[in-house]
Amino acid sequence: MLALLGATTLMLVAGRWVLPAASGEANLKPENVEIHIIDDNFFLKWNSSSESVKNVTFSADYQILGTDNWKKLSGCQHITSTKCNFSSVELENVFEKIELRIRAEEGNNTSTWYEVEPFVPFLEAQIGPPDVHLEAEDKAIILSISPPGTKDSIMWAMDRSSFRYSVVIWKNSSSLEERTETVYPEDKIYKLSPEITYCLKVKAELRLQSRVGCYSPVYCINTTERHKVPSPENIQINADNQIYVLKWDYPYENATFQAQWLRAFFKKIPGNHSDKWKQIPNCENVTSTHCVFPREVSSRGIYYVRVRASNGNGTSFWSEEKEFNTEMKTIIFPPVISVKSVTDDSLHVSVGASEESENMSVNQLYPLIYEVIFWENTSNAERKVLEKRTNFIFPDLKPLTVYCVKARALIENDRRNKGSSFSDTVCEKTKPGNTSKTWLIVGTCTALFSIPVVIYVVSVFLRCVKYVFFPSSKPPSSVDEYFSDQPLRNLLLSTSEEQTERCFIIENASIITEIEETDEIDEVHKKYSSQTSQDSGNYSNEDENSGSKISEEFPQQDSV
């Protein structure tokens, strides 16, 4: 054990000290006083300045800081050498400060006490090498590691389950092919070759405290010959809705398989936990290279899964253990959100589960919270909130402003922050505020009063434009009354219809008399017809027609 004292060391500085004056006595002084603590082993070591002085012994005392109760340090009383082991001292608390003092003795003469600086044993302790037990398979080595210290160790009593172990392994024939792995107290090293000698060494670590121990002695072991029944390989486990599917590869047919699992926390506890492996439901004596088991048979957490094969020749070794995290296999779908404007300065947001999520009942297995992000549609500045509720309100918003919202579901208290992808973005406009309503009313009233005025102005403008650019083709009535109807009427008559004087040659007087009478009658009729025509606005050419008739009759008389 003393060979390991070159690590963590507490230096106890001692000054020059002298035995009581006596004739011929030499001055003695201890030098380089050191304390080494490895696990529960305590060592005190120093150098003597004068080895020529005989019959000099050394003794040490200790006390808990502040108690003023010095006790003899067991194992370090009247020591003739320059080192002592005081591991037998029963310390009740390794986190309390301890004071040490040491002196030289020669017969009845003693030096004065020299005290060293107080120290805390736990802080000065070094992690020692673990004990290792090996067992060989054809392609693997089984490790059984005991934590540093004894079973009843007080130094690591609170840390026995916190140790992690680092293994360096190599083929005995070639130390250049080293490989380092981190293992649990009960673990396996895989991917080895049959019938090969492998050597390894192990050291323990407390990672949270950043403390690394020293390596164990080197252990060597031969792997066995190749097993007749090979082990299954490439273990995989997948989640599919409400079930888990366990798959593996196997090169031969006509084999049956068995699968087991172990809660991961057993791996951290030192000791043999082979009896803690449990049979996976629906995965015993299966003939296919997969098996299916329901989600509800497993509680939330991390498991290790292993498979082995059996046939007429025997049973294989267990396959390589596969870590299985139920949380990592859980599929969380994005939520469905709806947004509604409540007032001019708030929006109501409702978060619901998608149909896929409802079918998988994820929210029943794991409590969910929602990460909600919202922002103004015209801005990239986002605000993020976490909500356990599925209905909540965003207050203190701007009126008549468009806000956009998206959300995702997270597993509550999950260290890996596992969650779904974000939902579709939904945008909604807030309602108008009181000021906006007032301006809306004023604007509406102004528009109602302005419309008639605008219509009137436009109509007047159109009249002016029409009068200037599109005048009427008919002259005004004041001008038209100066024009008589007769000239206009005559202008419209054709040349053939103009009035002419007609001359007749009369040979028979009796006929003339008849004609005159007839003319008188016609004249009266003509006047009446003319008056009637003037009243009605129509004109008749009846006199001309009558004349023409008479002229037609005269030739008949002539012919007689």
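Cβ atoms are placed via backbone N, Cα and C, with glycine included.
In this structure, ASN47 (N-linked glycosylation site) is part of a beta strand by DSSP. Swiss-Prot lists ASN47 (among others) with the feature N-linked glycosylation site.
The N-linked glycosylation site annotation in Swiss-Prot covers ASN55 (among others). DSSP gives ASN55 (N-linked glycosylation site) a coil state; it is part of no helix or strand. The Cβ of ASN55 (N-linked glycosylation site) lies under 8 Å from the Cβ of GLU106, GLY107, each of these being in the same chain and 6 or more residues away along the sequence.
DSSP assigns ASN85 (N-linked glycosylation site) to a strand in the three-state reduction. Sequence-distant neighbours of ASN85 (N-linked glycosylation site): residues of the same chain at least 6 apart with a C-beta under 8 Å from its C-beta are ASN41, PHE42, PHE43, LEU44, GLY75, CYS76. Look at Swiss-Prot and you will find ASN85 (among others) tagged as N-linked glycosylation site, backed by sequence analysis.
Annotation source Swiss-Prot lists N-linked glycosylation site at ASN109 (among others). The Cβ of ASN109 (N-linked glycosylation site) has 13 neighbouring Cβ atoms from other residues within 10 Å, across all protein chains displayed.
When pLDDT values are averaged over the domain 'Fibronectin type-III 1' (126-226), the model yields 93. If you look up Swiss-Prot, you'll see 126-226 marked as domain 'Fibronectin type-III 1', on the strength of sequence analysis.
Secondary structure from DSSP puts ASN172 (N-linked glycosylation site) in coil. Within the same chain, residues at least 6 positions away in sequence whose Cβ sits under 8 Å from that of ASN172 (N-linked glycosylation site) are THR197, TYR198, CYS199, CYS220. The feature N-linked glycosylation site is assigned by Swiss-Prot to ASN172 (among others), with sequence analysis given as support.
Just so you know, the Cβ of ASN254 (N-linked glycosylation site) picks up 7 other Cβ atoms within 10 Å once every protein chain is counted. Annotation source Swiss-Prot lists N-linked glycosylation site at ASN254 (among others).
Feature annotation from Swiss-Prot assigns N-linked glycosylation site to ASN313 (among others). Within the same chain, residues at least 6 positions away in sequence whose Cβ sits under 8 Å from that of ASN313 (N-linked glycosylation site) are LYS228, VAL229.
Feature annotation from Swiss-Prot assigns domain 'Fibronectin type-III 3' to 333-433.
Counting every protein chain shown, the Cβ of ASN377 (N-linked glycosylation site) has 12 other Cβ atoms within 10 Å. Feature annotation from Swiss-Prot assigns N-linked glycosylation site to ASN377 (among others).
The N-linked glycosylation site feature in Swiss-Prot is assigned to ASN434 (among others).
Annotation comment: Swiss-Prot describes 459-560 as topological domain 'Cytoplasmic', evidence class sequence analysis.
Per Swiss-Prot, phosphotyrosine is recorded for TYR467 (among others), and the stated evidence type is similarity to another entry. A sphere of 10 angstroms centred on the C-beta of TYR467 (phosphotyrosine) encloses 10 other C-beta atoms.
Residues or ranges marked as phosphotyrosine in Swiss-Prot (evidence: similarity to another entry): TYR482 (among others).
Annotation source Swiss-Prot lists region 'Important for interaction with TYK2' at 492-501, citing similarity to another entry.
Look at Swiss-Prot and you will find SER496 (among others) tagged as phosphoserine, backed by similarity to another entry.
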Please name which of the recorded positions listed here, ASN47, ASN377, TYR467, is nearest in space to ASN109 (N-linked glycosylation site), Cα against Cα. ASN47
Cβ-Cβ neighbours of ASN47 (N-linked glycosylation site) (radius 10 Å): 14
What's the CA-CA gap between TYR467 (phosphotyrosine) and ASN254 (N-linked glycosylation site) in angstrom, rounded? 110
Based on DSSP, name the secondary structure state of ASN254 (N-linked glycosylation site): helix, strand or coil. coil
Is it possible to list how many residues within the domain 'Fibronectin type-III 3' (333-433) are helical, extended or coil according to DSSP? 10 helix, 49 strand, 42 coil
